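S.K.: Features from TrEMBL:
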| type | residues | note |
| --- | --- | --- |
| ACT_SITE | C:129 | active site |
| BINDING | C:78, C:79, C:80, C:114, C:115 | substrate binding site |
| DOMAIN | C:18-151 | domain 'Molybdopterin cofactor biosynthesis C (MoaC)' |
């Protein structure tokens, strides 16, 4: 079994705490995550090729994702602060959705999957913020880790 | 048609900006949103009634959601700062998922759906952070606004 | 009995939440709080009249307190954000202690005692940070609200 | 004389404090400010029409300015927190410089010139961050308030 | 004499500055601190075993302390940013008080006593926030460092 | 040619991203920057030797600059987070201007010129905030990097 069988962040007495990672080795780490926003085709058209200059709206979401990655440890209570050394946020659109894929790198003692997930989530919420006047029913789904490498638990990819 | 036909936050020249809401009336506003985290039944069991003292893990996620609601305008680039006047974050679990429902209130000039969505998203990511050692494949879906009231555009509920 | 008989911030099911203050009236409010730092007489001498140019060390602590008052709702999880409209941080020293008194004002729907307490606490910790090389045993005591006025519960002073 | 003859933020004893604005009226307020970044013509060419897709680099700086406007009271120690109700950040380029003009609106008790200045400054520093690999000698000048309106001191424009 | 005889953070000209720690070695460091909140016995009863589900109120304070530890360098002006690698916040209650003990770990160039003190202080203020409706006279005392280890100055414990 | 011929932070497709610095070596780095505030001689007189206790107003600006240096990566979107290991902020005045010189040190993988520039800019804006009641026309100019050392690109000074 590749995974530990205990929930982390919880002590024998049940109290939440930030787990001690003092003794973990410093290694290069990468994590990739995604989020998918579903909306109407006419909104995708507006977003991608329509009244908006190409990229401007997605540029806002991309920046929001990158900046959120740096705030992850302030948002997720038990997450360790990490010196993020690289972040990319990419968008692909199809007829009625925008897929956001993020990649975060660090050289540190813990993984960066929370940073990748936070970047993807905040980028998706930012797209929603920019389209909510035309589609308040838009929905974000499939927020998940795609892959991670580095660290004691070895490389992993969602098959 | 109840909704505007233009994307907000973007000017005629395509430049992003924080839209001027100086002339909008101050009214009581409420928004409710959700997020759903999917995991394995044994993880739900651990989370809810198992090795964890009841409520502690969810208490962490609840706090994370409440605190994130207050940081929304710092995370979503074009979102207006708002004096949040009340936040609740609730959890319901079934066999293999946790549903998070948030409600945010304000007395202000803009709606609070972004605050409700941010609270739900960060609460869900926090649950993921606490279970990722036992299920790194867990996924967050169905982040969406459930209802909003107050403001010029009238009350609205997802049917 | 001037005080409510129930703990706030807790719902019937025990879940923490930010209590709804939407219906509370907007009024002028003031709160004053204190903290006292105890150290050795020679450290007080250094701090006040000795090797340090007058006021510089306390100027750092004063600024820290003022800036912390503005961050209160980001630090105290269930505290409502408030537009702070005035803050003072004052110091008085005797032979072996520094007393910090803060006063915070707002025009809003909730009191500002948490802001006054946070300003006093952070100012005291900042003084500690500046003297810890010469007295790591210094201690902060007597953090408490001195008075508050404005709001439904009426004026109050610690007798 | 239109201006007060005393420095604000300073008490008779010289201690810094956040001045009490509790009794100032709530009015609509606007302030505009600028910053100018000087670089080489070839860098302007790269920035505006060259290897960069139009707008992307400036889009980053625009977002940085807007987001910084919302953080002004956390950066400027004695600045009052304000509910920013609108922000624009515009760029005009000539042969060897980029001029950034910001406009910030609020409905509040104090002016928003610090918000406008902060937005202009951070946008300019962000442009520098993006060109420093090709011109580390670039310089930012002429950070100043262009105009303000609303509030007791009346409207004002730099002649 | 184990301690330096000069106040840190102050230059010969008296100007505050963040002292240069570039040349200090990176070592494992631990600090422990405490704060004690005094209230009435009936409030302790409510807090611990009474109308509140066990742990929920203290869970809020615990999270507040952990999250505050990560914000220490943003609160204490001359404090160096540190990658916190572990935090625990524990509570013990007697008839009329709650004692909060925090432990913070890092691998870095400066000690973590300010982080431990900040965690203890904010946890104590959060407990106050949750009981102030029933005891606004509650008081926080005895904020102090209990022990520290790692670093050039050697291990130390309050006797 | 000592400098790269491509703008950083931009990918072939023009999308902004935080560049990957995972493989850059950790070295000691120093950067120095400046900003100059121009005002009237009578304001300089008030600021330096007049009604203000010496240093207090500048002490506020100094602290603001030091604290801003620590927030640089949260303000400049594509800037990497860095563990700042030392900051100084110095002022020199002549008849009608205040010159602010900052020095920032780190041991890390990227330079600290953005931290030095941010410290200088925020210190200058803070001085403006404190004198704007008597000279709203004051202007900040000459924000620039003075020198940097450490890192692959070698030492550099503005001649």
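Using the three backbone atoms N, Cα and C, a Cβ is placed for every residue, glycine included.
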S.K.: Which residues of the same chain, at least 6 positions away in sequence, have a Cβ lying under 8 Å from the Cβ of residue C:79 (substrate binding site)?
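M.R.: The answer is C:72, C:73, C:114.
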S.K.: When each of the recorded positions C:78, C:79, C:80, C:114, C:115, C:129 is checked against chain D, which show a C-beta distance below 8 angstroms?
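M.R.: Nothing passes the 8 Å Cβ test.
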S.K.: Please report the three-state DSSP label of residue C:79 (substrate binding site).
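M.R.: It is coil.
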S.K.: Quick one: Cα separation, residue C:129 (active site) versus residue C:78 (substrate binding site), in Å?
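M.R.: So the Cα of residue C:78 (substrate binding site) lies 27 Å away from that of residue C:129 (active site).
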S.K.: Please compare the recorded positions C:115, C:129 by how many other CB atoms fall within 10 Å of each one's CB, and tell me which has the fewest.
M.R.: C:129
S.K.: Which of C:78, C:114 has the fewest nearby Cβ atoms, counting only those within 10 Å, among these binding-site residues?
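M.R.: Per-residue Cβ counts within 10 Å for the binding-site residues C:78, C:114 bottom out at C:78.
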S.K.: Take the recorded positions C:79, C:80, C:115, C:129 and keep those with a Cβ under 8 Å from any chain E Cβ; what remains?
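M.R.: In terms of proximity to chain E, the recorded positions that count are C:79, C:129, given in sequence order.
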S.K.: Chain B sits near which of the binding-site residues C:78, C:80, C:115, counting only a Cβ gap under 8 Å?
M.R.: C:78, C:80
S.K.: Cβ distance under 8 Å to residue C:80 (substrate binding site), same chain, sequence separation 6 or more: which residues?
M.R.: C:18, C:21, C:73, C:109, C:110
S.K.: Can you count helix, strand and coil residues in the domain 'Molybdopterin cofactor biosynthesis C (MoaC)' (C:18-151) using DSSP?
M.R.: 46 helix, 46 strand, 42 coil
